[in-house]
Amino acid sequence: MPVPRLRLRQTDTDARPIRLGPDPISIGRHPANTIPITDDKASRKHCVVEVDPEGGFRVRDLGSRNGTRLNGFGIQESPIAPGDVIQIGKTEFLIEEAIGETDPADEAKASNANHAPEPDWAGDIARVLAGLPPKDQSPPDISLVSADGSPSD
């Protein structure tokens, strides 16, 4: 069963929706969250939207003080679908179907399909070029010496 193409949109802002994918999306007051929010009822690490073992997506509360609600009901963990609303304090997120959006993994595959594989010698050239001094750096002084160690003219 293919993973549904969904996105998460905060309802009270003009921010772009976030496409759901293999990486979890964390929501909470802490700035390190994928979606940091300023809601006083939100915990620093409030909840996460992630792929569930059934192949879809789920929302999971991270032990928040005030809880996470899905469609008005308090949840610990629940599958999500288009039309669902996740509520954290007064902040709401709508789950939408990502119609017409391409999957980032599909874009990467298509991009790689359009490029020929790199030849073996390309890596050798890259290593040689990386070892060269910068263009604006003067070369070191070189002294020639004869086989007996005396300076050569």
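Even glycines carry a Cβ here, placed using N, Cα and C.
Taken straight from TrEMBL:
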- 25-75: domain 'FHA' (DOMAIN)
- 1-37: region 'Disordered' (REGION)
- 98-153: region 'Disordered' (REGION)
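Residues 43-51, 55-57, 62, 64, 80-82, 85-86, 88, 91-99, 101, 103-105 of the same chain sit 6 or more residues outside the region 'Disordered' (1-37) yet have a Cβ under 8 Å from a Cβ within it. Look at the domain 'FHA' (25-75): DSSP puts its residues at 0 helix, 22 strand, 29 coil.
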